[in-house]
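Contents: one structure, followed by commentary.
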DNA sequence: TCCCAGATGATTTTT
DNA sequence: TCATCTGGGA
């Protein structure tokens, strides 16, 4: 993926001459519905494409790009097309290529906001006091830097944590506020030191020749504003601008776009105000709502024909989103005939919900219930918060249902990968102080706080980088003993690796291996006894393998800074588990939406922090969730849930009241607890609410109280009090007590609540080594294990 | 300098 | 509940 290859982006080496191109037919136009076609053919001037979920937005967008080229309006390198994710950019590139065949070389200016800004900023870095080889810090680097500043300023980092400052600075950067432009109303932020610290931080970044993610946009906006000649050059170059997911743009991105588009106004923004779910990250729905004011005379096209979901699913989604104020307004429709209603089911508690979903998935995979059978790949569980995933993971491990968690800790964010990358960074540029700090004592070199302070002082006194500071310190014999010797080795190593990078004789892959080897990092993990160590070594191997796709280490580092994903498609069909946020843009034949309880979803915190605005964003999230489903959408809630170890009971989500009754089927779980007492009670209490024509006033909880005052509900409430002491979970998967532990011997089959089944491979005091069938080898305390026979006998 | 025990505090996360 | 951080003791 050499997207950052070279500056041919402005060269005119394009196969299509404008004349010839204009002659070519555009066969793909026939493939579009009228609305799509209108959006594609309105090439000049501002266009707002309001594209509801599943209405073929990417199709229209790519057709438009192709159309711009074949009508001779623009050459591929004169089109600026921005997305938010690398995935979206990749998909668009692929699809444009497919439309046009091989004739058109890749579009250099199709990419994420960040990737495009990096490219631009490297050409103009000096205008904001940077060198063109600046490094890009990720959030981890950013926070460590901020922490240093906070400590240096003698601020109590307990009361004023770095992450809070990071959030604040991000917030300001999203609004395109440089330290000088932060309004006075923000002066009290961060104990009245916010703007001051922001200013220090920006200066420190310049010293380090570094930028954070927010800077990429902010610096470009600054450059465009302060250097009209530069701006003009790009206004002329980018003849047409396309923006995907416009509802997610923040102020900085908005300004950036407006600056570039203001001369010719050939800008086409695609988005859906109903799917704006990143307000908390600075996205401004206002941008899309205001489009027609920003660009008077804009063509507004609504894509409303949905090609994804059944009418019931669409109706349910519409019913929910209708409750939001201030929408641009769209009504999705489909040519499909009926299909399943949205299914709703209540459960006693979160564990039971997970158990039911597991069983339902198994039976849907087999094709029971009068439905077609679904592959596990076709099913997804979408949760509001990642902690909800655990219950499902536990359950699926137990029953051996293959699953994949999407959007967990990402590959390039893992500790060992970041450590290794820090070594690579030092090899490329030994002046990278942040990288040096990260690995100076990793692996342990006997260089603790004291020693590191000495290095810092030596560096500062000499106006040198940390590596040079360390060299000076060693020369002056300012450090003794084991630490000094180790530091010597490290410093020499860095110099040697750097020479090797510059000489370019060895392949970068070989070099990477040498670096990890000579630094002692590989050995460090080999000697580590913790259960994660093998996995981490495995990751390091994978990292080296990932280098193969690049020409050199620099190219790789650039790639990783912006593209943090690493999609390793593993074999076998699996159910997907992910957050609702992570599911945006995806679709599945069958979707499960668990945890629809007030407080969890909509999230209490959202409502507390952002009031009605927060609630509406939660509601859009519900809309996004429902519209992910093609054929079957199953919503569920539980009366009781363990939150941070405490049992809490909750009411079904207010969004459930908003589901239109005609499109919902209330399910009753069969035969649970000998007759479905709890679950049936739940369903019964939920259904009148559904049946009642509920234009339910959100703030009027009184009418709900009546419904949930039903006998079934009250019984549930009463039982919830006893639950923690007795009831299912404990008795089902009985925990073996201390005496029983000693009875394990090697070769025993055991069961663990989280890791599933395994075999005992060794004993060490009260710890037991177990090789789990699915989860690998772990060392754990015996009392969390159950003999397999015993667990296996337990009825689920 | 390192290691472990207790305190702490906890959404969502495109780049 | 449980992962992460920190401060005190070895």
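Think of each number as a place in line: the chain as shown, counted from 1.
Here the Cβ of each residue, glycine as well, is placed from N, Cα and C on the backbone.
Residues or ranges marked as domain 'UvrD-like helicase ATP-binding' in TrEMBL: A:30-310. According to TrEMBL, the ATP binding site annotation covers A:51, A:52, A:53, A:54, A:55, A:56, A:57, A:58. Residues or ranges marked as domain 'UvrD-like helicase C-terminal' by TrEMBL: A:311-585. Per TrEMBL, region 'Disordered' is recorded for A:709-732.
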Legend entry - Cβ-centroid neighbourhood (8 Å) of the ATP site, A:51, A:52, A:53, A:54, A:55, A:56, A:57, A:58 excluded: A:272, A:303, A:306, A:307, A:308
Legend entry - Set of same-chain residues at least 6 away whose C-beta sits under 8 angstroms from residue A:57 (ATP binding site): A:49, A:51, A:244, A:270, A:272, A:303
Inset, instruction - Quick one: among the binding-site residues A:55, A:58, which has the most Cβ atoms sitting within 10 Å of its own Cβ? - result: A:55
Legend entry - Sparsest-packed of the listed binding-site residues (A:51, A:53) - C-beta count within 10 angstroms: A:53
Legend entry - Site with most surrounding Cβ atoms, counting all protein chains shown within 10 Å, from the binding-site residues A:52, A:54, A:56: A:52
Legend entry - Secondary structure at residue A:51 (ATP binding site), reduced by DSSP to three states: strand
